[in-house]
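Visitor: Here it is, the structure, as structure tokens.
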Amino acid sequence: MFTLQFQQTACLFWISPLTALLFLSAPLQTVAQIRLVDGRTNCSGRVEVYRLGQWGTVCDDDWDMNDATVVCRQLGCGDAVCATNRAHFGSGIGAILMDDVGCSGAERSLTQCFHSRRHNCYHGEDAGVVCTGSSQSSNISRVDPSSHSNYSCTNPPTSTVRTPIDSSVAVAQIRLVGGRTNCSGRVEVYRLGQWGTVCDDDWDMNDTTVVCRQLGCGDAVCATNRAHFGSGSGAILMDDVGCSGAERSLTQCFHSRRHNCHHGEDAGVVCTGSSQSSNISRVDPSSHSNYSCINPPTSTVRTPIDSSVVAQIRLVGGRTNCSGRVEVYRLGQWGTVCDDGWDMNDATVVCRQLGCGDAVCATNRAHFGRGSGVILMDDVGCSGAERSLTQCFHSRRHNCHHGEDAGVVCTGSSQSSNISRVDPSSHSNYSCINPPTSTVRTPIDSSVENLGLRLVGGRNRCSGRVEVYHNGRWGTVCPDGWDTRAGTVVCRQLGCGTDVLTRTGLIRLNRGHLPVLMGGVRCDGTEISLRSCHHYGLITQRCSRYEGASVICLVPRRPDPPTPRKAPLRLVGGSTNCTGRVEVYHNGQWGTVCDDDWDIIDATVVCRQLGCGDAVCATKEAHFGRGSGKIWMDDVRCSGAEAFLAECSHTGYSNCHHGEDAGVVCSGASQSSNISGEDPSSHSNYSCINPPNSTVRTPTDSSVGTSTIRLVGGRTNCSGRVEVYNNGQWGTVCDDGWDIKDATVVCRQLGCGRAVSAIVQAQFGMGSGRILMDDVGCSGAEESLTECVHHGSETHDCNHGEDAGVLCLAPRRADPPTPRKALLRLVGGSHNCTGRVEVYHNGQWGTVCDDDWDIIDATVVCRQLGCGDAVCAAKEAHFGRGSGKIWMDDVRCSGAEAFLAECSHTGYSNCHHGEDAGVVCSGASQSSNISSIDPSSHSNYSCINPPNSTVRTPIDSSFAPRRPDPPTPRKATVRLVGGSTNCSGRVEVYHNGQWGTVCDDDWDIIDATVVCRQLGCGDAVCASTEAHFGTGSGRIWMDDVSCSGAEAFLLECSHTGYSNCDHGEDAGVVCSGASQSSNISSVDPSNHSNYSCINLPNSTVRTPIDSSFGTSTVRLVGGRTNCSGRVEVYNNGQWGTVCDDGWDIKDATVVCRQLGCGDAVSAIVRAQFGMGSGEILMDDVGCSGAEESLTECISRGFGTHDCNHDEDAGVLCLAPGHPDPPTPRKAPLRLVGGSTNCSGRVEVYHNGQWGTVCDDDWDMNDTTVVCRQLGCGDAVCASTEAHFGTGSGRIWMDDVSCSGAEAFLSECSHTGYSNCDHDEDAGVVCSGASQSSNISSVDPSSHSNYSCINPPNSTVRTPIDSSFGNSTVRLVGGNSTCSGRVEVYHNGQWGTVCDDEWDMNDATVVCRQLGCGDASSAFKEAHFGSGSGKIWMDDVGCSGAEESLTECPHRGFETHDCSHGEDAGVVCSVSLAKPVLSLDVRQTASWGQSVQMTCSISTQYLGGTFTLQQLSGSYRETKAASGTSADFTIRQVDFAHEGSYYCQYQTRVSGHDFNSSFSDSVSFSVVVSLPQPIISASASDGELSWGTHGPEVPRGQSFSIVCSIKSQYQGGSFHLISEGSTESWTKLAVNHSASFYFTQADLLHEGNYSCFYEVILSTRPFISGRADRLYVTIRELTWTEWFHHEKTSVLCGVIFGLLLLLAVIYLMFLLKNKYGGFMASEEYWPMMTYGGPESNENL
């Protein structure tokens, strides 16, 4: 029995740990992925990790205390004492799974740390750790941290050991140096025992945000580069940092440990400062001008993170938008993802990021087709909880090809109406890596089931038995040790709040056959998920079968807005129910609110929540008596828009005493009939923080019309599930048709700024109660959601899984007062809605200066106060002089702001109270005793711009140059008159105090689209002309209107002025309908037959361009159509141009596609569509052509450039399907049949085909335009009669009659496309093309070779005196086309210019006219030699702004008093192209190899030099150019040579030095390629037998193992390794080989041998791979060998015996000679023989 029991015990003793080990290896337990081996305790030893079914070691490269800290924490072994290397705990076996581990110290598991799966190590480099030990393991003695001397520590700690990163010590890993405060300076990080800097490559505001947050320094103000805070020293530890902005520490951001930087590129930050650091003054965000910011903020500082990351990832090749090959965007290009390690967790993240629902399938092996280009991610390992794929662990290096491209199939998104949702069970259609069962769940997601956690058997989803999901099955949690803290984690994880009732058996349910998957759970209550708590697994033997842990989460009930009797809020100690100390109900008890930061805004929310009217007073210091119990809330900061106090930001329930209890005084409660309203003027009875004047208003009221709106379930007041209030209850909004326009209305209504994303599928949790709205269709212009089109209240076909939400980007107001701290009042008027404007700031009221004060600013004030429309903006203290501070000056509102404090203003300064601003508003619906003001009564006021009888917001920003943002649509300056509805009629605009019409020249459906959108009238149905809706009267304000379709307001469209038509040409529109007019039925787009439409739409009319494109828009200006013109982009509230540096057809392609304008025909440079104004927002644009918007292309960044507006870029797009005569964008030209690109038959492209031009009226003027348009210089000859051969196809133009000043041939007058045949095809000969280096200029005198109409001789006239472009000026006698004597062409001949009054202004005009850049010098006295012929101009006096020299004032042609000795000349700055640098190796070069780089340039300025410079090293070499290139050779590359290189071209022209821009960089790395060594064996006697496995050595015999290698590197050593033992041997290499000698073979020597070669180059060790294994067999001697061995021994013995006998004989011989006859006598021998007496006698 004893034996049986012992055996059972022993069995259990072994099986239980084995079972636990099997469980712990599963993903549910992070402990299972790592273990410590061969240490003295469980908390010390060699580190081994589990991957792909096997345990393996970790290489000690870069192994340090940060890494050890993560290991100790992961194993629950306390703090790290020591990080060991060099296999301190013995060499492991098997694979080496991790190398180059780089933990920040904050990771939860070692596999989350940066590491490489490839390695260059052997087991002699295995890493280990020593941890202090864990109190949870009773059998583990805690290690004394001071005992590190027992270990070979990488970095032994001092007596006090701390984990390197902890929430309390995160600052220790990063610091700011060289700034004026602790929160500004150069960024330095700590790693491997030293501080180092961060390179500024890719450094931006996202990275700065993470640094400031990590240091507790508030918001990021500025990201500095170029060592703004001084150059650091030591190592550069991080480069190419790419934070999303959401990381907790900088080391969690993507970055490279390798760099190509120097300390002149050290990155820095400026943070606002932290209120927690009393010695740190907060930085004013507006002070960025003191810093060289990469992207200095405007007066409003914004956080850099946008939660919308959809733009970084896309699916390609699938049948829907939610299936396909995964592609990510990085560094300006799209690339694929390798399928190594790709699984459902990764697919889950992709589907969530794209808003495509759940993941159905993770595909591999290029299921959706092979991608192209780069492979950007490999070894992706998502947990499933990440918000974007780039946050998942991954490697940027890969070993894949496009046959391994990963893909996903998602269930689908309701946002795409044309995409049917995928049935998760249909995975059989796809080659899924792990096809789901009939019920598909993503492994981790915010939904309850997908978190791997659920509650079962309760009354709702937030109560029941706790079940966890692991290895494909659900199981229960053992209640041993289960407590409230564990329940809190469960409730939080499931989105069920944090209040909990938890105890064993609280919900007693039979768990059936479910296993117990977790036990011994120990949570501290702060964990994100239950898995993060300490626990054990598979412990069914220790837990009851019928009992499991359970929780009931106390979910806050918010289906109905709390009434006073239900509210978890009350007022105590006051004289009425609406005054008193504020108390909050939480965790079953009432508690108070601390008065830190308590103000009138917070009081407003309390009064609103309790239904007690307006806030009169916010009291502090326990004015209504001290409370008792808990203080639940502190640092309360409401925006004023919250429905409940609990929604306001607060820092927790702590740190005050009851002498600081907050209170409120409210005006009264309409719901309490027995409560008299509080007199707002009675505030003197209370100790108010900010007693208001007689009229107190809440700054924000959520009530809009008869309906309210709120956001629930988000992290801030400006994100969450949308709920509307109707008929006494709150309800949700269905997401059918929900889009960004609807979200825009919600965000605006709540004062939450711009809409970032329209959220669907209940991502903020499912609501409850009624669904009040469905199929919402906002235009984006509405002021409240209820104004939008929808099915009607409670008419829907939805459930709460389709609840809509929004994510708004609320502006951060770090500058002058935020809305809640910038209360307004009107003082001195006849009622509450008129008076002097006063603002409350810093505890006192102050006025507003009237500089720039106008009706737009008054509009914002009236709206903020709920006083209706603005009637009048009063100035000069019309309502009396104020007193105290003047808080605001130079106020410039756009009209769309919710609060006056949001308007741009220059500060609080520089006026006196005689300039106090005021307003008159139409009235306040909230004040029953205020009669609305008659807008026509403005004569009573000194108005700046009194309106007429109908008052609207006064003027669109396009009339006022200073206003980049036009007013909102409801106050817009456009109306429709004379139609049958409000959405059809004659278009009229309001300007200069009166309404006027719009002329119908160029009026089309695009213009109508803008009008309809502006008025909120839906789509454009028809654009009418010829006063279809009746003739207007008064002024005609706009003509030649040309909208792109992206404008928000008509006045933003290009137009040529207000002139030249009569009212019979008044334009009109018909729109599909207006949601704002309930009595207007939507117009049927198909009934256009009732109208005289210009371009009848099909059944569905759409605007050609969507104004929402990313965060930036694009438009074309100055062209003749919507699809040609100067490119302008919209950023930060203003339009700006794009510089033409690097501008090419790929960039144009992106612009044309973005605008829906078809293919790009041409990329236009040098401001051919006219010079823009304002900012130049983009430069060095480099599109691949595949981008969806121009802002996705690589560029220097917004506002960073080295250009001026004569370099503005443009495009010419070829939009299909427009039958109009060819415009510049529809009429590209080419020359065919000539000997050069600048001569030939003229052909025009139109309607998709090339055609010719008829030669009727063809002359030199026409030729001049053709040559100029093609950039081919001057016109030499106009040929007719098909001189260059007859064309084919259409003849597009006839009777061409150019003036010579046109920019494009299609601008010239012509009679149409008719009446000729191809024998009359026109042609041209041009002098040459500066843009085509291979075209020799044509000699104008060679016209005799051509049949010219008017061959130029000495009297050939120029076609037009005013000269356009390069045709009438040239430079002669210089060493380039951009230097020389100035000559102008007039009356058919060239002549010079006299130098009287000649200066740099004149030279500037010449250089600009010739496209030669800026002027360098203006020369006199025939510096370039005397000319001949006429002197055409004298006393030239240019201002410098003229486009051609002939526009400048001068005496008149040929009127002068000069000789040719006074001929004027110029030298223009030489414009050099960017050189091209090429490399003769591909990315890598072997150490000692020769590397050649070639720098070349396309230029006419020869004889210069090229300089090659290493970016982050000392290499620099200058060589004279050989033609247009130079070769640079590095004879023997070393590691100092690796990195990036760039080159530059320098040349000297006319005594001036000119430098090109730098080339794009090329880079290479230096590698050491060591071949595999060769291993062999030999015997000492030269004979060695070989068996089936290798050499066989007889036991006792000597032998040698030889290692050799074919290497170019001298020296080095060989390491011989015996895999059968722990021994290894090292020998120096001689002639690239080494011999290891074994004197006597023994059985211990049998086994596998291998060797590797190590060489040190430039202090760096390099190790070859291992040689193939050599198995040495030690065997016993054979009989023959033994006999041979024995025979030799016998022979040696015989010889030895004979030698001994000879020695004896020789000795006897010596003795005989010594004693003579005695020894020879007979007496001696008998005596010797017998011993007889005879012997004596003889002797």
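Glycine is treated like the rest: Cβ placed from N, Cα and C.
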Visitor: Looking at TrEMBL, which one of Cys656, Cys666, Cys808, Cys833 makes a disulfide with Cys747?
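Guide: Partner cysteine, according to TrEMBL: Cys808.
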Visitor: Taking Cys1213 as one end of a disulfide recorded in TrEMBL, give the other end from among Cys1139, Cys1152, Cys1277, Cys1298.
Guide: Cys1152
Visitor: In TrEMBL, Cys1448 is paired in a disulfide bond with which of Cys1438, Cys1468?
Guide: Cys1438
Visitor: Spatially speaking, which of the disulfide-bonded residues Cys788, Cys798, Cys903, Cys1298 is closest to Cys392 (disulfide bond)? Use C-alpha to C-alpha, please.
Guide: Cys798
Visitor: What are the sequence-distant neighbours of Cys808 (disulfide bond), meaning same chain, six or more residues apart, C-beta distance under 8 angstroms?
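Guide: For Cys808 (disulfide bond), the qualifying residues are Cys718, Ser719, Ala743, Val746, Cys747, Leu750, Cys752, Gly753, Arg754, Ala755, Val756.
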Visitor: Given the disulfide-bonded residues Cys243, Cys1203, Cys1213, Cys1394, find the one whose Cα is closest in space to the Cα of Cys533 (disulfide bond).
Guide: Cys243
Visitor: Compare 34-132, 313-411, 824-922, 1229-1327, 1369-1469 by their Cβ pairs under 8 Å to the domain 'SRCR' (1114-1214) and return the stretch that comes out on top.
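Guide: Checked against 34-132, 313-411, 824-922, 1229-1327, 1369-1469; highest Cβ contact count belongs to 313-411.
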Visitor: Could you put numbers on the helix, strand and coil content of the domain 'SRCR' (974-1072), residue by residue per DSSP?
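Guide: Going by DSSP assignments, the domain 'SRCR' (974-1072) contains 16 helix, 36 strand, 47 coil.
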Visitor: So which of the disulfide-bonded residues is most packed in, judged by how many other Cβ atoms lie within 10 Å of its Cβ, out of Cys648, Cys1298?
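Guide: Compared across Cys648, Cys1298, the most Cβ atoms within 10 Å surround Cys1298.
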Visitor: Out of Cys747, Cys1213, which has the highest number of nearby Cβ atoms, where nearby means within 10 Å of its Cβ, if these are the disulfide-bonded residues?
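Guide: The largest 10 Å Cβ neighbour count belongs to Cys1213.
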Visitor: Between 34-132, 174-272, 313-411, 1475-1559, 1573-1651, who has the most Cβ pairs under 8 Å to the domain 'SRCR' (1369-1469)?
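Guide: The stretch with the most close Cβ contacts to the domain 'SRCR' (1369-1469) is 1475-1559.
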Visitor: Could you tell me whether the domain 'SRCR' (34-132) and the domain 'SRCR' (313-411) are in contact, taking contact to mean 3+ Cβ pairs under 8 Å with a sequence separation of 6 or more?
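Guide: They are in contact.
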Visitor: Among the recorded stretches 34-132, 174-272, 1573-1651, which has the greatest number of Cβ pairs closer than 8 Å to the domain 'Ig-like' (1475-1559)?
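Guide: Comparing 34-132, 174-272, 1573-1651 against the domain 'Ig-like' (1475-1559), the winner is 174-272.
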Visitor: Under a criterion of Cβ-Cβ distance under 8 Å and sequence separation of at least 6, what residues of the same chain contact Cys523 (disulfide bond)?
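Guide: Once residues fewer than 6 apart are set aside, Cys523 (disulfide bond) is near Asp483, Arg485, Ala486, Thr488, Val489, Leu530, Cys533, His534.
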Visitor: Would you pick out, from the disulfide-bonded residues Cys533, Cys903, Cys1203, Cys1394, the residue whose Cβ has the largest number of other Cβ atoms within 10 Å?
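Guide: Going through Cys533, Cys903, Cys1203, Cys1394 one by one, the largest Cβ count within 10 Å is at Cys1394.
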Visitor: Return the member of Cys243, Cys798, Cys1152 nearest to Cys638 (disulfide bond) in space, with distance defined Cα to Cα and candidates limited to these disulfide-bonded residues.
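Guide: Out of the listed candidates, the nearest Cα belongs to Cys243.
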